[in-house]
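Have a look at the structure below before the remarks.
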Amino acid sequence: MSDSQSNKQNQGEDDNNVSSSIESNENYPFRLNDEESEPQSSTTESMLKAKKQSWRQVLMLGFSSLGAIYGDIGTSPLYVLNSIKYPNSSPTEEDIYGAISIIFYLFTFIVIFKYILIVLFLGTNDGEGGQVAIYAKIARSLKIGPKGVHIPGSPEKTDLELLARAETSSSFKSSNLFLNKASGFKTNPKLIKFISKFILFGCFFGCSLVMSDGLLTPTTSVLSAIAGIQIANPSFNDVLAVSEVVLIVLFLIQQFGSNKISFTFAPIIFLWLIGLIISGIYNIVKFHPAVFKSLSPYYAIQLLKHSGIDVFSGAMLSITGTEAMFADVGHFGRLPIQLTLTLFVYPALIICYLGQGAYIIKHPEALSNPFFYSIPGGLNSWIYWVMFVLATLSTIIASQALILGVFSITSQLINLDCFPNFKIIHVSKKYAGKVYIPAINWLLMIGVCATTAGFKNSNNVTAAYGLGITLDFLVTSSLIMVCMTYVYNWNILIPITYALIFLPLEVIMVISNLKKITHGAWFPLMMSGIFMMFLSFWRWARSRKVNQDFKTRIRIGDLYPELKKQPPQSETVDLNDRGRPMSIVNSSNEELVEYGVTLPKILKTNNNQLKVQSKFGLMNLKKYDGIAIMYNDSSVHTLNSPNTVPQVYGKLVSSFSSIPSVFIFCSIRVLSIPTVPNDERVLIGSMKIPGHYRCIIRYGFMEEILIDKELNNHILNSIPDINELAIKFNLNNKCILTKPCTIPILHIFENNLIRSHDYSSEEHETKNPLVKCKRFIRKILINHIFSPIYSDFQSNGKFLKISDEDEESEKKMFLGGVVRI
C-alpha cells in the first residue's frame, strides 16, 4: 500500500479499546472470558469525537480564510460595473441604479441565501464541501455509493466489532439499496437507479467545471494584476513573461500548506476590504447619498427591460469564486466561512459597489475604470498607490481559492475511489481537510501556464470567463434538491420552492453567457469535457476491477470443505498497554488476558491435517514453521468479508499445498485523527482457518505509513501460535517488544496485471464493425491507460522497512496474475 493508498481510507470511524471482554451474543460471538463488561472508551475514540471548534479557533480560521477564499470574489469591484451591458453608451442615473441593484440581489440571493444559508448547511459531508460532498451524502443515505468504498461520514461498527464477526450474510452482496416496490414513487427502484446515475453525473460534471475553472481563474487574476502595472508605466510590455513567473512562484509555495499561505495572505485581503469600505463610504457621502435607492428591485427590473438578460453575463462576475468557497469548506470549516462572509466581506463589497455607483453618477466618464477613478484623493495620490499595490496583490491571491478547491475535491474523489490514488499530504494536525496534493499541484501549474500562454492577455480570458461558473451553480442546485428529498426527507414542496426561486435565475445566467462560447468560453467547456471523460472512465474501470475482486474472492468453506460447518474461533482484541515489553513464551493465560492478547478457541480440526481443495482434488495442507503476512490494498475486504479469502491466497494453497504455520491477512487504515496511540495501533482477529488471523494496522493522517521490525513484533506477540514457534526456534523470552524477533517472516504482496477481456473465443466473435471498434477502444483504454496508472499506485511493499537488500529479497514476495476486466 502506497502513501496515497493509505490516505484513500482516511475516514473517521469510532473505535473501542476493549481489554477485558466483548459481550457474547449473536452479533458479537467472540469473547475473552465468560464475564461481561462494558467496552472502555479508547483515546482514539475520544480524539475522533473531539471535533468541535472553540470560538477562538473559529475567529482565527475566519481571518485565515480571507487569504484563501475571498481574493476572487473580493477583487470583483475592479471590473464588474464596466462589464455590464447598458442600454446607452453613456449610462443614465437609472442605468447605474439598475446595475447596482442587479449586483446586490444577485449577490444576496446566490451567495447569501443559497450558499451561506442553504448549501453550507445541507451540502457539507464530514466537514468537506463541493459537489463531491453532496454526492457522498446522498449516496450514503441511499446506499448507492461505489462498491467496496466506505463513504466518509457513514456510521459504522468499530474495527474491533467488525473483526469479531465470523459470519456475515452480506459478503457477496452489493451495497445497493433494497427498496420495497410498494413504498411509493420517491423510492421506486427505477427512480433510485436514475438518481444514482444522475448524482454521479452531477458530481463528475461539477468537479470538471471546478477543475477547468482552476485553469482560468489563476490565468485571469494574474494577467489582470500584472497588466495593472501598465497603468503606472505604459511602456511596460512584459506582461505575459512576468505573469508566467508569478504563476510558477504561486504554485511553488503551495507545498507550505493552506494554513501558512492563507495566514500570510489574510492581512493583505483584510486591508484590501477595509480600503473598499473606506472608499465606498467616502464616495457615497461626498458624491451621491441617494445611491441607496438602487437597493430597490425596481431599478433592476427597469435595466433588464431595456438591456435584456445579457446584463447578467457581466453582473455575475461579482459572484465568481462562490463555488470555490463551497469546495474550500474542508480547509476552514463551515462556521468560519459563514461568519466572515456575512459579517465582513458582504458588507464591504456592497458598500464599495454603492460608492462606485455614486461616483459614476457624478462622473459618467469614469465608467471605463470605475474602481481606480473613484479612489479618494484621485490619481497619483498616496491613497491611490496604496490601493493599487493592494489591488495587484489581492488579484494575484484571487487564484488561491480555486487551487485549494481543486485540492479538496480531488482528495474527496480519491477517497471515493473515483480518481487515481495520488499522494495526499495533510498540512495541519488539527484539520484533516487541509490537504496538499503534489502531483495535482504540478499538473495544474503546467495547465495554467499553458492556458496563460494561449490567451496572452486578460481581455481574452475575461471574454471566456463565466459560463463554467454559472453551469456549476446549476449543478449544485440540482444536487442540493435531491439531497433535500432523499437525505433530509423533506416535503416535496420544499425542493420545488427552492427550484422556483433559484433555478430560473441560474438558467438565465447560463443563457446570458452562451454568447461567450465563440469568444473563448469553448475552452473551459472543452476542458470540462476532457476531465469528465477521464473521471467517468476511471470510475468505470475501477468498478470493473472491484467487481472482479469480489467475484473472485474464495469462500473458506469451498477452499477447506471440512470447515464449512465448523464453529468460529473466538476472540478479537486490540493491543492494550503495548508500550510494555512482554513475552508470550511461558506466560500464563491470566497474564495474556491482562495484556489483551488474542485467545482463540482451537478448532477440533487438526491444524497439520487440514485438507485443501485443489485442481487435483482434496490434498493435505502442509505447514512449515514460520509466519506469512499477506497485505491487502483495502481494509474493506479484511473487515467486512470474514467468510472469504483473496483469490491470490487460494492460488497459493491450492497450487503448492504448503504455507507457513501462521498466516496473517493485514490491511492498513488511516483515521481522521492526526496520530493513533501505539497501544491502539494494531487490532488482531482470529479466523475460521486454524493458524490464520486478520489484522488491521491504524495510522493517523499526519503519520508516515511505515512497518518496521518493532511493529512486526507488536503483531507477532499478540498471536498465541507464536508461543509454539518461539519454543521451536529456542527463543525462550527473547521474542519481546523491545527486540527484533528472529522467527522467519514472509511478507506477501498482491501484484496483478490488469488487462481487458480478449474476446478471441468463438462465442465472442462478431462481424459488427461497431462492436469491433468498441472492443478495440476498450482494450486500448484498459491496457494502455488504466493498467499502467493503476500499477503505479500499487503498494509494492514500499511501506515495509527492510534496510538490508539481501534480506529484502528473501522476505518480500509478490504474487498475482492476469486480471481481466
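Backbone N, Cα and C atoms are what each Cβ position is placed from, and that goes for glycine too.
Quantities reported herein were computed from a predicted structural model and do not represent experimental measurements.
If you check Swiss-Prot, you get these features:
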type	residues	note
TOPO_DOM	1-57	topological domain 'Cytoplasmic'
COMPBIAS	1-10	compositional bias 'Polar residues'
REGION	1-47	region 'Disordered'
COMPBIAS	17-27	compositional bias 'Low complexity'
TRANSMEM	58-78	transmembrane segment
TOPO_DOM	79-101	topological domain 'Extracellular'
TRANSMEM	102-122	transmembrane segment
TOPO_DOM	123-190	topological domain 'Cytoplasmic'
TRANSMEM	191-211	transmembrane segment
TOPO_DOM	212-238	topological domain 'Extracellular'
TRANSMEM	239-259	transmembrane segment
TRANSMEM	261-281	transmembrane segment
TOPO_DOM	282-306	topological domain 'Extracellular'
TRANSMEM	307-327	transmembrane segment
TOPO_DOM	328-340	topological domain 'Cytoplasmic'
TRANSMEM	341-361	transmembrane segment
TOPO_DOM	362-386	topological domain 'Extracellular'
TRANSMEM	387-407	transmembrane segment
TOPO_DOM	408-434	topological domain 'Cytoplasmic'
TRANSMEM	435-455	transmembrane segment
TOPO_DOM	456-463	topological domain 'Extracellular'
CARBOHYD	N460	N-linked glycosylation site
TRANSMEM	464-484	transmembrane segment
TOPO_DOM	485-491	topological domain 'Cytoplasmic'
TRANSMEM	492-512	transmembrane segment
TOPO_DOM	513-516	topological domain 'Extracellular'
TRANSMEM	517-537	transmembrane segment
TOPO_DOM	538-821	topological domain 'Cytoplasmic'
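All chains included, 17 other C-beta atoms sit within 10 angstroms of the C-beta of N460 (N-linked glycosylation site). Contacts between the transmembrane segment (464-484) and the transmembrane segment (261-281): absent, as fewer than 3 C-beta pairs lie under 8 angstroms at sequence separation of six or more.
For the topological domain 'Extracellular' (282-306), the DSSP-based tally of helix, strand and coil residues reads 23 helix, 0 strand, 2 coil.
Counting C-beta pairs under 8 angstroms (sequence separation of 6 or more), the transmembrane segment (517-537) fails to reach the transmembrane segment (58-78), with fewer than 3 such pairs.
Note: the stretches the transmembrane segment (307-327) and the transmembrane segment (239-259) are not in contact (fewer than 3 CB pairs below 8 A, sequence gap of 6 or more). In this chain, the transmembrane segment (492-512) lies apart from the transmembrane segment (58-78): fewer than three C-beta pairs between them fall below 8 angstroms, excluding pairs fewer than 6 positions apart. Of the Cβ pairs linking the transmembrane segment (102-122) with the transmembrane segment (341-361) and spaced 6 or more residues apart, 3 or more are under 8 Å, so the two regions touch.
Summarising model confidence by region, the topological domain 'Extracellular' (362-386) averages a pLDDT of 87.
Sequence-distant contacts of the transmembrane segment (58-78) (same chain, six or more residues past either end, CB-CB distance under 8 Å): 111, 217, 221, 224, 258-259, 261-270, 272-273, 276, 317-322, 324-325, 328, 331-333, 335-337, 339-341, 345, 348-349, 352-353, 356, 371, 391, 394-402, 404. Long-range Cβ contacts of the topological domain 'Extracellular' (362-386) within its own chain (Cβ-Cβ under 8 Å, at least 6 residues beyond either end) map to 77-79, 81-82, 90-91, 231, 275, 278-279, 282-283, 287-288, 355-356.
Break the topological domain 'Extracellular' (79-101) down by DSSP state and the numbers are 12 helix, 0 strand, 11 coil. Residues 86-87, 94-102, 104-105, 351, 354-359, 361-363, 374, 376 of the same chain lie 6+ residues outside the topological domain 'Extracellular' (282-306) yet bring a C-beta within less than 8 angstroms of a C-beta in it. Beyond the topological domain 'Extracellular' (79-101), the same-chain residues lying 6 or more positions past its ends with a Cβ under 8 Å from any Cβ of the stretch are 224, 291, 293-300, 302-304, 306-308, 310-311, 313-315, 317-318, 353-354, 356-357, 360-361, 364, 367-371, 462.
Counting only same-chain residues 6+ beyond the ends of the topological domain 'Extracellular' (212-238), those with a CB under 8 A from a CB of the stretch are 71-72, 75, 78-79, 246-247, 250, 320-321, 323-324, 372, 388, 391-393, 395-399, 401-403, 405-406, 444, 447-448, 451-452, 455, 457-458, 461-462, 464-465, 468-469, 472, 523-525, 527-528, 531.
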